[in-house]
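As recorded in Swiss-Prot, the features of this protein are as follows:
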type	residues	note
ACT_SITE	C89	active site, acyl-thioester intermediate
BINDING	R223, K224, S225, S249	CoA binding site
ACT_SITE	H352	active site, proton acceptor
ACT_SITE	C382	active site, proton acceptor
Amino acid sequence: MTREVVLVGACRTPVGTFGGTLKDVGSAQLGAIVMGEAIKRAGIKAEQIDEVIFGCVLQAGLGQNVARQCMINAGIPKEVTAFTINKVCGSGLRAVSLAAQVIKAGDADIIMAGGTENMDKAPFILPNARWGYRMSMPKGDLIDEMVWGGLTDVFNGYHMGITAENINDMYGITREEQDAFGFRSQTLAAQAIESGRFKDEIVPVVIKGKKGDIVFDTDEHPRKSTPEAMAKLAPAFKKGGSVTAGNASGINDAAAAVIVMSKEKADELGIKPMAKVVSYASGGVDPSVMGLGPIPASRKALEKAGLTIDDIDLIEANEAFAAQSIAVARDLGWADKMEKVNVNGGAIAIGHPIGSSGARILVTLLYEMQKRGSKKGLATLCIGGGMGTALIVEAL
């Protein structure tokens, strides 16, 4: 008999902007904060955790096994094991579905899952410095790990922004459509922040400073804008292109976590779950149009669950770019159902801390489902390199 898997204790840090409040707070620190908070929210003891699975993409220079560092810093006993996964933008969500698989297999009852990323602290790399340079360093030999490891398609040698331009060409998506999508994201995120919509899901980050502690408790990436101002932004990746800073996601820092648990263990401990895991899937596409990844992933997850998109009450689809978000909406049949998609804005406004984003959208989905009384929810992301991942949950 297949074990039922539930989610409890979900939380996230606020999302920091590039060069912003969290720029000096490392990935291991951010991860430890959400792990500690998730344990408190779930009402369990740290020693009851069987395993930790956490996503992180930009791991160069962080030291061995970031997930292990996070858990030790969070006070989880050394006897508990941990591993870090890198499925690029899908890492945080895949960590959760991996945890569900382990629990379904009967190999664990309680798993800490999620993701962490500080893109600000990604190092520059000298890949040929091991054996020295005869004279000057060759041009192009200094690699920005943030750009290369997080934002570059290695198969074609170009920025993720070009993959969005490719989708625009394929689908005939206009600059006006992209800007309208970006403006929607900013507007909804601003409304959510102003009304305190995210307060329940956020754990503040306390940053010690010479003039006293800074309590960081609000997403800082959203920007006030107007359609007119967005229309004036120059193309960011291609001459004559239409992808701009206003219709693309940001470079950010954050962490998010959720405790994945067998339903029988939750019942035994008297814990009321936030939701149960219904299905999950991944899918592959051509790397040059990586933003289409949510299409096969979501279709597979829906098919496994015996559902259609009409059965889903709430959707969190990561906004890597407006271009890919529009294409995904068209193909998956929710372009005319946007009232249930990214209802509090998405990554264009909130930000995209790559290793954490999958867990972030899941946390946001779970709390918004509670507020609305929604029954079924879908979280999905595109993944650099040409993939997508998706997870469907049902409120309990």
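The backbone N, Cα and C atoms fix where each Cβ goes, and this holds for glycine too.
Of C89, R223, K224, S225, S249, all annotated as recorded positions, the residue with the shortest Cα distance to C382 (active site, proton acceptor) is C89. When the Cα atoms are compared, S249 (CoA binding site) and H352 (active site, proton acceptor) turn out to be 6 Å apart. For the recorded positions R223, H352, the greatest number of Cβ atoms within 10 Å around a candidate Cβ is found at H352. S249 (CoA binding site) falls within neither a helix nor a strand when secondary structure is assigned with DSSP, and so counts as coil. Under DSSP, C89 (active site, acyl-thioester intermediate) is assigned to a strand (E or B) in the three-state scheme.
Counting only the Cα atoms, the space from H352 (active site, proton acceptor) to the residue listed as 'active site, acyl-thioester intermediate' is about 8 angstrom.
For C89 (active site, acyl-thioester intermediate), the same-chain residues lying six or more positions away in sequence with a CB closer than 8 A to its CB are V57, N318, A320, H352, I354, S357, G358, L381, C382, I383, G384.
Around S225 (CoA binding site), the C-beta neighbours below 8 angstroms that are at least 6 residues distant in the chain are F183, Q186, G246. In sequence order, Q186, A190 are the residues near K224 (CoA binding site), counting only same-chain partners six or more apart with C-beta under 8 A. Largest Cα to Cα distance within the recorded CoA binders R223, K224, S225, S249: about 15 Å as a whole number.
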